[in-house]
Amino acid sequence: MTPRYRRVVLKASGEALMGKQGFGIDVSVVDQIAADIADALSLGVEVGVVIGGGNIFRGVAVASKGGDRVTGDHMGMLATVINSLALRTSLAKIGVEAVVLSAIAMPELCESFSQRQALAYMDAGKVVIFAGGTGNPFFTTDSAAALRAAEIGADALFKGTQVDGVYSADPRKDANAVRYDHITHDQVIRDGLAIMDTAAIALARENNIPIIVFSIHEAGGFGAILRGGGHCTIVDDDPAAQQQASA
């Protein structure tokens with residue numbers, strides 16, 4: 001079958017990798033994400049991945065306690081490299097070739113990012129894991145995911161979250177929260193819906209990249225959406241889709 005998208009970037013938060021632990025990496029969660037990526041590859045989809053570092057370190061936590069935000073963000077970038085290496089290991093266990101490209105140079109551990117190299121690896125059928133955020137402080141890994149998606153010409157940016165789409169409020173706290181099947185980038189920004197930071201959403205909008213919000217914890221969910229089904233919210237500016245969703 002023909003997948004809905006041919007080239008995608010998958011963004012997963014560092015917190016998602018913790019599973020039910022309070023810190024660090026739950027290998028079973030990383031293995032599940034790896035299996036979902038392998039499923040996408042079986043459809044002929046080219047996959048890039050960005051993982052946050054919040055399960056290990058968050059730069060804003062340093063700043064909130066009076067520390068230097070720049071140093072804190074640099075520490076957070078290192079955490080994303082750890083998570084990226086963990087995912088590469090899980091992919092290798094199931095025979096999937098993956099390469100980690102980092103925005104910060106650390107040649108003993110991984111290659112440095114370049115758009116040309118990323119595209120070459122994806123054309124060769126390898127998973128490309130983008131580590132180190134954007135390489136600059138004050139930018140989130142959500143912004144890094146949107147940036148990499150634009151750089152490689154991705155058809156969509158998949159945002160794996162704790163819930164199965166975009167809601168008007170946190171459904172885990174508000175029983176009256178309304179789930180959206182389809183919503184625009186502008187509405188997400190205007191209503192302050194906390195799926196990604198504003199810079200990431202604006203970058204996706206400017207480059208006509210739809211954001212697919214789904215549950216990272218639903219095994220097989222990634223592939224189901226690529227096959228045209230699944231549970232998700234599509235964030236884009238397609239007027240026809242908006243009209244259909246509101247009908």
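Placement of Cβ uses the backbone N, Cα and C atoms for every residue, glycine included.
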Among Asp36, Asp68, Asp73, indicate the single residue that Swiss-Prot lists for the UMP site containing Gly53, Thr134, Gly135, Asn136, Pro137, Phe138, Phe139, Thr140, Thr141. Asp73
Of the residue ranges 19-24, 217-222, 229-234, which one carries the region 'Involved in allosteric activation by GTP' annotation in Swiss-Prot? 19-24
If I take every residue in the region 'Involved in allosteric activation by GTP' (19-24) and average their pLDDT values, what number comes out? 88
Show, in sequence order, which residues other than Gly53, Asp73, Thr134, Gly135, Asn136, Pro137, Phe138, Phe139, Thr140, Thr141 on the same chain lie with their Cβ within 8 Å of the centre of the Cβ atoms of the UMP site. Gly59, Gly76, Met77, Gly133, Ser143, Ala144
With the fewest other Cβ atoms within 10 Å, the residue among the binding-site residues Phe138, Tyr167 is Phe138
What three-state class does DSSP give Gly54 (ATP binding site)? coil
